[in-house]
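Have a look at the structure below, then the notes.
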Amino acid sequence: MSSHLNGIGNIVPMVVEQSGMGERAFDIYSRLLRERIIFLGTPIDDAVANTIVAQLLFLDAEDSEKDIQLYINSPGGSVYAGMAIYDTIQQIRPDVVTICFGLAASMGAFLLTAGTKGKRMSLPDSRIMIHQPLGGAQGQAIDIEIQAREILYIKAQLNQLLANHTGQPLERIEADTDRDFFMSAEEAKNYGLIDQVISRQNLPTAGENVTIVK
């Protein structure tokens with residue numbers, strides 16, 4: 001395994017495979033994509049969303065019956081970009097296994113709970129945080145009013161979807177997301193954000209379908 005610098009200065013490991021045709025090098029993320037594993041390991045913006053959506057659509061077209069594993073370590077980011085990923089997860093045919101490693105906060109936590117019910121997971125020492133959407137506006141009074149209405153709409157939409165995915169009453173979601181609400185993996189399981197806390201013994205196997213936890 002070697003490594004190189006990508007355009008934003010991050011080190012991306014390279015994997016070299018040997019065959020009868022010679023050597024072929026892949027960056028580690030492309031190699032894992034062949035095993036139907038996607039990584040969301042950055043704040044969420046339009047560029048990140050476009051990449052994640054493209055990978056989801058590619059794997060859907062390649063095999064509609066095999067699970068896709070989405071590993072999440074993200075502090076959140078753009079609500080609109082996150083909703084693009086969310087809607088794609090809901091629309092594609094394969095089950096999407098979501099796995100939190102490190103931190104899933106804000107839109108990261110929202111995408112974690114958006115995975116296929118029974119297949120939403122977290123490593124034991126991860127942290128999960130939900131809160132209301134952030135926003136700000138400046139300009140003329142009418143412009144600020146327009147932005148305020150949009151933020152309130154997004155807040156109501158996200159709260160309702162969180163209630164749907166977790167099984168919590170909407171009133172509790174509204175209260176808990178009023179400020180940053182941090183949870184351990186076990187607390188997130190009890191809350192309904194995830195279905196199981198995993199360890200080495202039950203870590204999903206690459207390329208294999210995961211049994212739904214009821």
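Every residue gets a Cβ built from N, Cα and C, even glycine.
If you check Swiss-Prot, you get these features:
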| type | residues | note |
| --- | --- | --- |
| ACT_SITE | S106 | active site, nucleophile |
| ACT_SITE | H131 | active site |
Note to self: I need the CA-to-CA distance for S106 (active site, nucleophile) versus the residue listed as 'active site', whole Å please.
What the structure shows: 6
Next item on the list: For H131 (active site), list the number of other Cβ atoms lying within 10 Å of its Cβ atom.
Entry: 17
Checklist line | Cβ neighbour count within 10 Å of the residue listed as 'active site, nucleophile' | finding: 25
